[in-house]
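*Asks:* Mind having a look at this structure? Questions to follow.
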């Protein structure tokens, strides 16, 4: 049985009012060598895609000056002087997302507007999310471009990723191989490595939060979004949260956890990328069965679904899904593995037939537009994540079934020279997906 509890947010300092400095815009370079590049068991965005409104055009007559929104709030002139604000393209429980174009560059972004009246008493949760977004700057992470805080609203100019999500990329392609899956993991592991170098744990890595960025040369890369559950790791964490299919055993066991819960989630995603269904599956809506499987950590590669998948891929998945946290791979080790750095990929590439199984198992369907997934991720806030925070009512044998007690998480030294101001593009030893 599960009961809902509130996220243990860490109150931070008040948001700057306003912040006039602008973070560097995402690099428009299109590297030809980039790697491909509610609480249901599988989860999804808290914002319903079916209700997302998509704007195909903007009013060309819009000029600088304070604008009144259809939702009844005034968009500050500080925003409208720099951005042409368009129609509402997403409407979540606590935030509205509007199309916006930077006037000086014609670059398209998304303006996320959080109405403070809906957040009373829980402001610290929003502050924690924004404080994380301020710190992160990486090619494989959805960026916060600029922010402005006024008494009644918080305005966030966000990078708008328009290529759909990870499942969209797989189900819409005509050819899909291990090399494609390897490239996707390269992008994800690069983002995780960077976050962990800052001692930030994401805690909700799943396909719906991995968005496809399409470069001008036709290559693609993944960007990780939705930092509503992200937090700084300065000691063991105990809040039981996440999306059940991707949650690590140490979270369920409530023994304390750290950064490597993100590696477990990435391992589950890698498994899905290669066969179309997750390694741990419950029966119907019985999450206890799913959690018991996760606690046991027995990973199988059933025939015929895995017959044409390389042993190198299976070995890597096993190392990412180790119940023993000390033995589980880090993001650095994932990136160094032959299957990811190209040495372990098979020469004869078999096409993987996973799209149909993904559609069936995850009940994925067509979205209103390719932008819908990116808008949905932006529309989600930390407050929406309260549904994904749960406490397991321990049975007497929970810890007994959890065979490997994790060591207290250490402050990680998986550093990479990506400062928050870096706009370097992650390059891969492989072809793009």
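Residue numbers in this text run from 1 along the chain shown.
A Cβ is built for glycine as well, from the same backbone N, Cα and C atoms used for every other residue.
Swiss-Prot lists these features:
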- 1-74: region 'Disordered' (REGION)
- 23: phosphoserine (MOD_RES)
- 25: phosphoserine (MOD_RES)
- 27: phosphoserine (MOD_RES)
- 30: phosphoserine (MOD_RES)
- 40-57: compositional bias 'Low complexity' (COMPBIAS)
- 40: phosphoserine (MOD_RES)
- 45: phosphoserine (MOD_RES)
- 46: phosphoserine (MOD_RES)
- 48: phosphoserine (MOD_RES)
- 59-71: compositional bias 'Acidic residues' (COMPBIAS)
- 69: phosphoserine (MOD_RES)
- 83-340: domain 'Protein kinase' (DOMAIN)
- 89, 90, 91, 92, 93, 94, 95, 96, 97, 112: ATP binding site (BINDING)
- 204: active site, proton acceptor (ACT_SITE)
- 213: phosphotyrosine (MOD_RES)
- 388-400: compositional bias 'Basic and acidic residues' (COMPBIAS)
- 388-433: region 'Disordered' (REGION)
- 419: phosphoserine (MOD_RES)
- 428: phosphoserine (MOD_RES)
- 431: phosphoserine (MOD_RES)
*Asks:* Whole-number answer please: how many Å between the C-alpha atoms of residue 89 (ATP binding site) and residue 204 (active site, proton acceptor)?
*Replies:* 24
*Asks:* Whole-number Å only: compute the distance from the Cα of residue 93 (ATP binding site) to the Cα of residue 204 (active site, proton acceptor).
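*Replies:* Between the Cα atoms of residue 93 (ATP binding site) and residue 204 (active site, proton acceptor), the distance comes to 19 Å.
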*Asks:* Averaged over the domain 'Protein kinase' (83-340), what pLDDT does the predicted model reach?
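*Replies:* Value for the domain 'Protein kinase' (83-340), mean pLDDT as a whole number: 93.
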*Asks:* Helix, strand or coil: which one is residue 93 (ATP binding site) in, per DSSP?
*Replies:* coil
*Asks:* Could you find out if DSSP has the residue listed as 'active site, proton acceptor' as helix, strand or coil?
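*Replies:* Coil, per DSSP.
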*Asks:* Per residue, counting other C-beta atoms within 10 angstroms of the C-beta, which of the recorded positions 91, 204 reaches the highest number?
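*Replies:* That would be 204, with the highest Cβ count within 10 Å.
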